[in-house]
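Q: Residues annotated as active site, phosphocysteine intermediate in Swiss-Prot, with sequence analysis given as evidence: 1468. Residues or ranges marked as compositional bias 'Basic and acidic residues' by Swiss-Prot: 1829-1841. Here Swiss-Prot flags 125-218 as domain 'Fibronectin type-III 1', drawing on sequence analysis. Under the heading domain 'Fibronectin type-III 4', Swiss-Prot lists 499-584. Swiss-Prot lists 585-674 with the feature domain 'Fibronectin type-III 5', giving sequence analysis as the kind of evidence. Swiss-Prot lists 866-956 with the feature domain 'Fibronectin type-III 8'. The domain 'Tyrosine-protein phosphatase' annotation in Swiss-Prot covers 1272-1527 and rests on sequence analysis. What Swiss-Prot records for 75, 128, 212, 486, 668, 719, 823, 874, 908, 1001, 1136, 1195 (among others) is N-linked glycosylation site. Annotation comment: Swiss-Prot describes 1219-1990 as topological domain 'Cytoplasmic'.
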């Protein structure tokens, strides 16, 4: 029984009468009724006296009341000064009427009745409340009256506590004394609360008594085992109907062989769908009884039961004896299964035939069987071996065997001399099958030589690698799947290679020849054939050498030669050549004529021999190279163009066919040299230098002669050698010195070579005169002469130089030069009319005969003109613009000068006639002077006279206040003084303004103005303890000037003392405790915020209690009367409330030695209490003491007598409840049990390092994982609070809060990554990231959250500023429809700027589980390469499954990123869970290479000290251990033994790998080519279930509509009915109606996800096959005509017709099935859901009956037991919102924990149990691991149903209600048990859930097929074969199936489905005389056992 307490308050206000006029008081009486578990019979009253004259010593009050039960006692008198503001009354009786009287007495009045009232106290609640549950809808409530006090009635409230019954709220009032009430119309399984109240005199009890109870839940529906293997049964059942309320199911199995024979399964979904449970660890082949019950709280329903059997173990190691393989027979061998398994025999068959054989079970370890008389040589057969236990077969063990092919025929060879190759041809035996041919050849003559082998698939082959000149043996074999036929052989010979002539030389009367041969060619000898030109004489010489000399030939004659190689009597191709013999030389050569540059030569012909022409050549003595002239036939030649001055040698020779005589004829001669020309004269006053180009030809020296023209007798001579004439070899230079200035001379020049002189060259040069005059400017310094220059000079003496005149020039083309005679006595020259300011270049010469002397040069500049006007065009506060007129003449610039405010001269230069003077002081007068300047300082500079003017600047804003500081600071106000220098006034000051801002609260700001003459001011109303920024500005008429800033923290003083009546009040008391109440508003924040409170307790309040250091409870224990003491350390209680109730005396201080302790009070003792408030550590103020409060007397012995038994009972109940919950939730995490964080250990007592030796790690893992990972849970719990006490100050700043993705994932201050601040912007250095240690560095990683869209620029800044070269991303951008991370990188290769950082994708590589991308980062001119590692299959809060996937990813990462490349940026969504797991695994994988131990706990501990919640969940913590265990055990890349899928043509040769628990971990290998893989969209939906064994280092990317999916090239995906195929993930947001085109040459299918929009009807696969999709009934009706199927792919349509659980009832996901086009029953059926109560088929009219066969002859009653089996990979479920988010691989697939598989009409796939945190703290708690991972391997269904077809005209009948699933949907309650041995058993081979859909009440249509889909039905008589027709939907009771004529008459199999009965296959089975069974399954054997893997 539980008491719920409440509080009620009644306040009555009374006004006192006018007995004492000077006292008018307003009194109020407040009644506070409080009930506790200890004492509920008391009521407390407070008489409030607001204006009590407490200083009147004579005044008092007397309180009287009846009945006399309460405290104070009746007629108690209390002095007025002792009361304070109120009188406390307590201990009133419950359910009682009280009368109160209050009397007042003072000096003038005695017992004056001031107030009276009658009050009824509230009654106690009822007692002994109980509930009797009668059924699921009825219950009786019973109770007893209260133990004390009166009552008149009772109120009963019934409240629904369950979610479904929360609206149930009924209230009943019971006025009689029956003390019970009946409640009806309750919900079965619901939980309710009963609340009982007592009513007395219209008042309810303030407390109530309550009790919870639960009604019985309804019994669950029927169930099936829809998946099983050798050790596992997966049970699927329907919920109760009506469902009612229940929390979970209890599922049990007998015999109890399972690991857990009793399972508890939680209910999922609302309304609840079918549920499931898995029993593992069963014995293969054994029968088991299974029961299912519903549970709600402690209530349990009646059971539903059935019996099923497990699958036996399969055979092992199917092999073939190669010695027994012939062209028509073979032997197969196999081993018995290992382990315990029950089976009777073996079944052996060949997949392509219908022949099956059985082999009895024996004790031999190896069994065998011989297949004979197979007339198909070379063909490959798939042999299937199974164990059979009863009617159940095991999974198949298969092997491929190929028969030996027949030998080839007609083998021939042909040599091709043109290409030097050999072609061989042959014929294949038409009776044999082969896929290639093997060619083997070797050389016969070579011992131990190499044998070459080639293969081809054609019957013709060209051999190009045979060596020339060899004899070979060659054989050909036919090969089929590496099985060879017998050999067929021949011999072949090759021709030798042609020799190549290396050297052929002419000799006297003969030829010398040599050659070389191919090193690979063999030859026996060589033959040389030669003949003379023009004759038929052919001669032959043979030799074994590679050279030959031929003699006695005709001189000058030509010969043709051929060389052959000979081998095995075969000649090679010849090598031919033509060569002539040396001719005889000419005779009698002479020189006939020598001219200036030519020579005529003559000679005589030779005496004998042949020749064709004469060759002529010549050269000089200094040259080696001959110059050859054209050949001639005459006996003379004219040689021209010879070089002058050279000596030549000339040769003449005879020539025959290009071969010259070895002895030529020669002669020598010399040519005269050339004279000089083009002489250049270089003349000065004393020298003449002559320079001419070197003449053509040879010159040895030059001869020069010269003399004065007027004196020929003075001749001088000079001889100049050619080698000394000049440095330049192309010219000749000669200097003639010591000549007279101004004189003319004559020169003669000749050349000489080999003693021969050339002609004479003459010339007449003159020397330059001298000038020795001194020239000056006479007026150069006169400023007023601005247009005239006068020159003055001295004469040059005639004795030193001959000249005629003087010449003067100013260098101006407009001014003519002036000349004066040499003997002129006037020595001045004047130039007038010049330009002012211009610079003139003055030049003076002497001239003799037109030759001028060197010049004398001077410079002079005239003064410029000054300006005449100066005025200002614009004036501002700091600038004046000036303008003036332009002067005449030339000038360079203007010089503007003025005095600054500091009296410094400032000068400005400008070339324009205007200027703007800046940086002036406002409100100042300035004088400006302008001077015109011509020239520069580096040349001649002239300045004009100046012109001045004065101007004044405008006003401006004032300057910065110079001095600004406080003179007095108080908690809430501050006094300032300031000053502004006059130089900074910048005008007339109008005012000063002070603005202030609280830096911690920007809204706390203001501004105050002061007069211009004020220099002091005060700012008020500030907040104590806050820091303010004060800014002062001066103001002129223009505006405010710049700010001067001062920062001040306001002081904090003790709080103001509150009023005397403000004291703590009593709330409750006991014998050792007092509970007081005080409020936040007791103290004002005027002197600073009150930060802490403490309690002062005084028994003797007269003692001093105002000191800072107060005695503690321990200090006063030695006093009989306790001194005032402090009860607790200061604390702050007003975080979320304004009232605090504090209990004094609650602690046990026996072990408390130091500090304050809230020890117990003394019983029956009066205390006073006051509250102390602190604004600082030493700043405090106390309230006045409270009214006296007396503790109760001690009743401890009574309490102990009651409490101890109750405590023992409570402990037992808690223990029992804990044991029960742990049993029910054996795999639950301890999340709920950890709700109280106070149970966690502090960091100081946690052992931070826990190293484990690597050699002991496997045993350590076994111990930790025992008992449902209990020790892992304990160890992980110790990490819960590690590091959580560290500050996150910066992350919580207002400017940084929007940058955090989650409000409780904040970076610690000490380890956060700090960005470079931007422009002093607050928070610009913040990003949610921390440094985390790695194996190689304490700052190896930067862990951050997934970037938000608003923080991705900061993210790239962090990558750049940290110089990181790698990013590891462990999340997808969207998961379950929620954003986990912004896509912070470009979509394509186009560069994108993120802030000032440009990011461009260089390349990317796609793998099955991750993507690696290279980015180019650019910032300014700097570039970097960064790698991005994106793991794409990690579920949020989950772990990759298998864990080896994560190990391979870490390995791939570390292979590319070295230890020195750090830091590494790592992020997931929050940056804690997955990121921590990755880093831990990276560290331990490196640690095990260098150490003999690992410390996973220590690594996680260290990371949590740097960033919050690293490795967030226990599941992730365990995953790290699992990864390491896999690495240490060598299972990093090994994922378990191979298993095989269903034996079916669509599964030929396919295998799947399972782990030791039977979980799927690898792919199904099938007939799938690499080309098929490239076209498949093979990305797995969930990495925990994806059956893909991939090669991490071989990426393959296939594209679909612009979106990439990934598939490893070495992977064969599961084939759903064909040889290939695979999963496909619709990968784009807008692909809700898209179809992934998936090609397969073995009839694989395409996977489609479509919603209910009309656009998704029928789609085409890549071969044109139809793809039917999930669609509504309306769409199904609109799509009766399907498009043509060109590729043979047949895929199912699923539609809904408002059935029990149709698409309208689904809420989380949709179903997609994979199907096959042939070879199983399901391929002739489609899936259409029907109404369970509708008697018509889906496509037939309602009148057609309920599920009949469509053919005649099926009248006889029959029973069919149907099994369905399908593999995990055959069914894939995607969420309905999958079209909006791509790549949600972790959302759904079967093996998630809470939801395994959802079938459209009864099984719903729930969420995978993972939390998806987004903006809420509770989402980030540990993952709830209630989910049970039931299975990872294949799914199958075994349903035994029995059917009795009633006789009717339609050939079919109703289906009996014994069908298990039908019963659960509304049929009878009869269980579906194992069939009888005599029953006909039909095994349906299915690879999707379509067959299961049929069992749930669906009807079936004939699957569309092509002409190749043939099903053969066999009877005892004749049989016929009917092809499945395209679109053969038949109206009628069922659907048109296969209609055949049976053996002997009238057996047929109808395609109908029993609709109302929920039938599966309308097998009309009939017989006639001799008629037998018709097998509906093309794979069924003679015993009715289908090859289904069951």
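Even glycines carry a Cβ here, placed using N, Cα and C.
Mind mapping these onto the model and telling me what they sit next to?
A: Of all Cβ atoms in the shown protein chains, 27 besides its own fall within 10 Å of the Cβ of residue 1468 (active site, phosphocysteine intermediate).
Across the domain 'Fibronectin type-III 5' (585-674), the prediction's mean pLDDT works out to 88.
Reduced to three states, the DSSP call for residue 75 (N-linked glycosylation site) is coil. Of all Cβ atoms in the shown protein chains, 12 besides its own fall within 10 Å of the Cβ of residue 75 (N-linked glycosylation site).
All protein chains shown were included, and the count of other CB atoms within 10 Å of the CB of residue 128 (N-linked glycosylation site) stands at 13.
A C-beta separation below 8 Å, combined with a sequence spacing of at least six in one chain, links residue 212 (N-linked glycosylation site) to 161, 191, 192, 193, 194.
Take the CB of residue 486 (N-linked glycosylation site) and look out to 10 A: across all protein chains shown you find 12 other CB atoms.
In the three-state DSSP assignment, the secondary structure recorded for residue 668 (N-linked glycosylation site) is strand. Of all Cβ atoms in the shown protein chains, 11 besides its own fall within 10 Å of the Cβ of residue 668 (N-linked glycosylation site).
Of all Cβ atoms in the shown protein chains, 9 besides its own fall within 10 Å of the Cβ of residue 719 (N-linked glycosylation site).
For the recorded site, residue 823 (N-linked glycosylation site), the DSSP three-state label reads coil. On its own chain, residue 823 (N-linked glycosylation site) has no residue at least 6 apart in sequence with a Cβ closer than 8 Å to its own Cβ.
Around the Cβ of residue 874 (N-linked glycosylation site), the same chain contributes 880, 881, 916, each under 8 angstroms and 6 or more positions distant in sequence.
Following the DSSP three-state reduction, the secondary structure of residue 908 (N-linked glycosylation site) is strand. Take the CB of residue 908 (N-linked glycosylation site) and look out to 10 A: across all protein chains shown you find 17 other CB atoms.
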Q: At a 10 A cut-off on CB-CB distances, which of the glycosylation sites 1001, 1136 has the highest count?
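A: Per the Cβ count, the most surrounded site is 1001.
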Q: Out of 128, 1001, 1136, 1468, which of these recorded positions is nearest residue 719 (N-linked glycosylation site) by C-alpha distance?
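A: Minimum Cα distance from residue 719 (N-linked glycosylation site) across 128, 1001, 1136, 1468 lands on 1468.
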Q: Nearest to residue 486 (N-linked glycosylation site) in three-dimensional space, by Cα, is which of the glycosylation sites 75, 128, 668, 908, 1001?
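A: Comparing Cα positions, the candidate nearest residue 486 (N-linked glycosylation site) turns out to be 668.
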Q: For the C-alpha pair, I'd like the distance in angstrom between residue 1468 (active site, phosphocysteine intermediate) and residue 1136 (N-linked glycosylation site), rounded off.
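A: With the alpha carbons as reference points, the distance is 34 Å.
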Q: What are the DSSP helix/strand/coil residue counts across the domain 'Fibronectin type-III 4' (499-584)?
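A: Taking the domain 'Fibronectin type-III 4' (499-584) as a whole: 0 helix, 52 strand, 34 coil.
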Q: Considering only the glycosylation sites 75, 668, 908, 1136, which fall within 10 Å of residue 1001 (N-linked glycosylation site) when distances are taken between Cα atoms?
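A: Hits: none.
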Q: Give me the Cα-Cα distance between residue 1136 (N-linked glycosylation site) and residue 128 (N-linked glycosylation site), rounded to a whole Å.
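A: A Cα-Cα distance of 38 Å.
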Q: Compare the C-alpha of residue 75 (N-linked glycosylation site) with the C-alpha of each of the glycosylation sites 128, 668, 908, and give the closest one.
A: 128
Q: To the nearest whole angstrom, state the Cα distance for the pair residue 908 (N-linked glycosylation site) and residue 668 (N-linked glycosylation site).
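A: Distance (Cα to Cα, whole Å): 87 Å.
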Q: What Cα-Cα separation, expressed in whole Å, is found between residue 128 (N-linked glycosylation site) and residue 668 (N-linked glycosylation site)?
A: 155
Q: What kind of secondary structure is residue 1136 (N-linked glycosylation site) part of, going by DSSP in three states?
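A: Assignment for residue 1136 (N-linked glycosylation site) reads coil.
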